Each structure stands twice: as structure tokens, then as C-alpha cells.
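> Structure provided below as C-alpha cells; questions to follow.
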Amino acid sequence: MNAADESLGNVLLVGLGAVAIQVALDLRRHGAGRLGALNHPGRRSQRIAEALARGACLQLEGQGQHRWLSGNAALDVFHQDPAELRDDWQTLVLCVPADSYLDVVRGLPWERLGGVRTLLLVSAFIGANLLVRSALPAGCQATVLSLSSYYAATKVIDETQPLRALTKAVKRRVYLGSSRPDCPARETWRRVLAGSGVEVVPLATPEAAEGRNVTTYVHSPFFLGEFALARILSEQGPPGFMYKLYPEGPITPGAIGAMRRLWCELSELLRRMGAEPLNLLRFLNDDNYPVHETMLPRASIDGFAEAGAERQEYLLFVRYAALLVDPFSPADEQGRHFDFSAVPFRRVSRDEDGLWRLPRVPLEDYRKLALIVALAAHFDLAMPQARSLLASYENAVSRFIDCQGASQCHPSLYPIDSRPAADAIYRQWCSTC
């Protein structure tokens, strides 16, 4: 472990799931001060507390070419109750689902967190930075940083061992925006993530970084549609695969068309908020998963934004067809490459109280898109494609609730009113213009 980085100070991880375990390892390698974690009370938190009491530490296993990321990290303190926090922390890292940012920030005892200089949002959506700033108490001078998305693919290996996680992939590049463009924390986090081989590109505004959250563009058209929801909300039959072509998965010409139209709607929202939109195909290829130039020539990628709608949809379809297998994996003896797209949908399941719950995909994607649509209304944008996807989700979930019975379903299945949060984002945006 390196010497403590004074610009980070003591770091509190808010939320202690798979993402926090990866972040903790990166912070320990870089050199933070004290490292603590806060997790909301519940059965999982109790298991964490019991494991820590037995002397367990955070354990990360890197898979395949990322095996070198493996390691352990000890926590200096763990809290289940925000009321236990003291003014010991200079950096807060929000490792919670993005749709819970507002509730989490409002639930922190800011009267005892006067030393906090920086908040990092690990996977921000469009407007998240403004939303968090709107919830900070008057006089709070903390800088809020937005990462475009979480920079790895990490999961807890076994829920009975909540301190162990597996990282199977790491992004090549993520984007970072700050509420204060000249703040030194941007360079600090660039160095922290470089330790895992991730390039951090600073952008002029938080909204510019948030507009590069890949799940906003991909999950919504693929996983809020009829095919995906039929598999997610069913206990019977094959689960289907998230990134395969129909009939094995949700990818059809229609879904690709929805992706293109959603990108156009999001691009206009970003423009009105003063942020530069992205070239969707270049973003998907260069920053996420590339394909061979035989399938997508460089000129087609770079000229995507200027192409016509039909050409754009063709190029997007070619990309996802090219990623049915990992194009850069070695072929086996039969000449077959790794079945990259065979990621099964997670289905609804009953929680420990016997209530039906949706998996994070598509629940978080629905909530994020609902908030973006409510925000867009302040900029006189109708976003018909986004609204169509929201309606698809709401209708499918409503039918599921009717079938199972309302008493059997967790309240999180019901639609939410995103307008108050959107109003707060818009007021904060107006105050900074």
C-alpha cells in the first residue's frame, strides 16, 4: 500500500456491495487515509458486521486477464446507522444504486460531516450531480464529482459471503465531470483508477460525463421492451439472453431503431443543458467493446453521427451481431469463439419477506429513464421514444402485479413520481447558469 494521499483524506464508502469492494481495493493500492463503510441496516448488513467481527476483510478476485486485480483490503470502521458517523471523513464515495442517490444524501447527518470536501458518484445519470447538490445543506462546500459509469463488471460471488467479489471485466475509459472544474480531486481520481488500468477523461461539466453512461443508451431499448420483460417477469421457460438476437434475445431491428431514436432524444437534452452529445457508435466501440474493423470500418464509426437514420440503424445492428461472440477471444478446436452474448436475464424473485422483487435490470433503468423524461419536460422536450419504453415497462409490471396480487409484491414494483426530483435538478441547473 502506498502512503496516504492527503487530497483524499479519510474515505467513507456509502454502500458496501460489489462496487464498493473494487473501489476499496483501488483506494488501498493508491493510498487513502482511513477507510470506512456505511451500509443501510438489514439482514445483509448484519452478515457484513458478523464477518468483520470475525476478522474478515474485503476480498476481490480478478478473473482471467484481470487476475492481477485480486487482493484484500481491511476496513477501519463499519457503520449500519448514519447516526453513528462522526466528522472523520474528507471524501464520500456513493457506491449505491444511482436511483437512490437522493434518499441516501438526504439521510446523512451533515451536521456531523463538516469536513467532507468531495463526493464521488460512481455511476451517475444525466442530472445526478445537480440532484445531489440540490440535497446538500446550505453552506456545504463539498465538490461533487460524476463518473460516467462504474468502471468494471463486478459481482458478489456468494451472498452468504458478502465481503467477497469477482471482477471479470474493466472498462478502458470512463469520463469525469465536476461541480468545480478546477478542483484537484479530478486528478486524484484519475490516478486512483489508473491503478486498475482505466483511463479517466475529464470533461467540462458533470452533465457531459453523465451523458456518457452506457446503460442509459443500451439497457433502456433492450431491457424495457416486450421480449426482455416477458422473460424477466416469468418463472417458467428459458430465461433468454440479454445480448442475443431474437428469438434468443431482445435484439431486433425494432429494438435497434428504439436505441437510435433514444440517442437522438438524449442528445437534444444534453445540448439544451449545455453539454456535447456523443457519437453513439464510436462510444460503444471505442470506450466499451470493440469489434473487428472488417465488420465496422473506422470511417463508418467516425462518420456515424452524420449518417442517415437507416444507415445508423444498420451499423448498430452490425455491431451487436459482431458481438454475439467475443471477436478477440481465441478460437477453440472447433473454431468457435467465446459465447460473449450468452448473459441470461435475471428474473423476478421473492425476497426474505416473501415479496416479489425485480432485479436491478430493469428496475434501475426504468427509474433512471423516468427521471430523465421528467427533467426533459422542463426543457420542452417530449421524448416520445423514451416515454414509449416507460409505458412498455409499466404495462408489463402492472399485469404482473394483477396476476400475483398486490399484497405479494414489493412497493418498488409500482411506478414512481419523478417530477419532484426533476424539479430539484432543474432549479439547481437554473441557479448555475
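The backbone N, Cα and C atoms fix where each Cβ goes, and this holds for glycine too.
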> For the transmembrane segment entry in Swiss-Prot, name the matching range from 7-27, 112-132.
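Within the set 7-27, 112-132, Swiss-Prot attaches transmembrane segment to 7-27.
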> Work out the three-state DSSP category of Gly17 (NADP(+) binding site).
coil
> In terms of Cβ proximity under 8 Å, which residues at least six beyond the ends of the transmembrane segment (7-27) contact it?
33-39, 45, 48, 58-60, 69, 71-73, 75, 78, 85, 88-96, 104, 108, 115, 117-118, 122-123, 150, 152, 154-156, 162-167, 184-185, 188, 192-193, 195-196
> Do me a favour and check the Cα-Cα span between Ala18 (NADP(+) binding site) and His219 (active site, proton donor/acceptor); whole Å is fine.
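Each residue's Cα considered, Ala18 (NADP(+) binding site) and His219 (active site, proton donor/acceptor) end up 20 Å apart.
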> Take the Cβ of Val19 (NADP(+) binding site) and count every other Cβ within 10 Å, whichever protein chain it belongs to.
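I count 25 other Cβ atoms within 10 Å of it.
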> What is the Cβ neighbour count of His40 (NADP(+) binding site) at a 10 Å cut-off, with all protein chains included?
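Summing over all protein chains shown, His40 (NADP(+) binding site) has 17 other Cβ atoms within 10 Å.
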> Could you state the whole-number distance in Å separating the C-alpha atoms of Glu364 (NADP(+) binding site) and His219 (active site, proton donor/acceptor)?
10
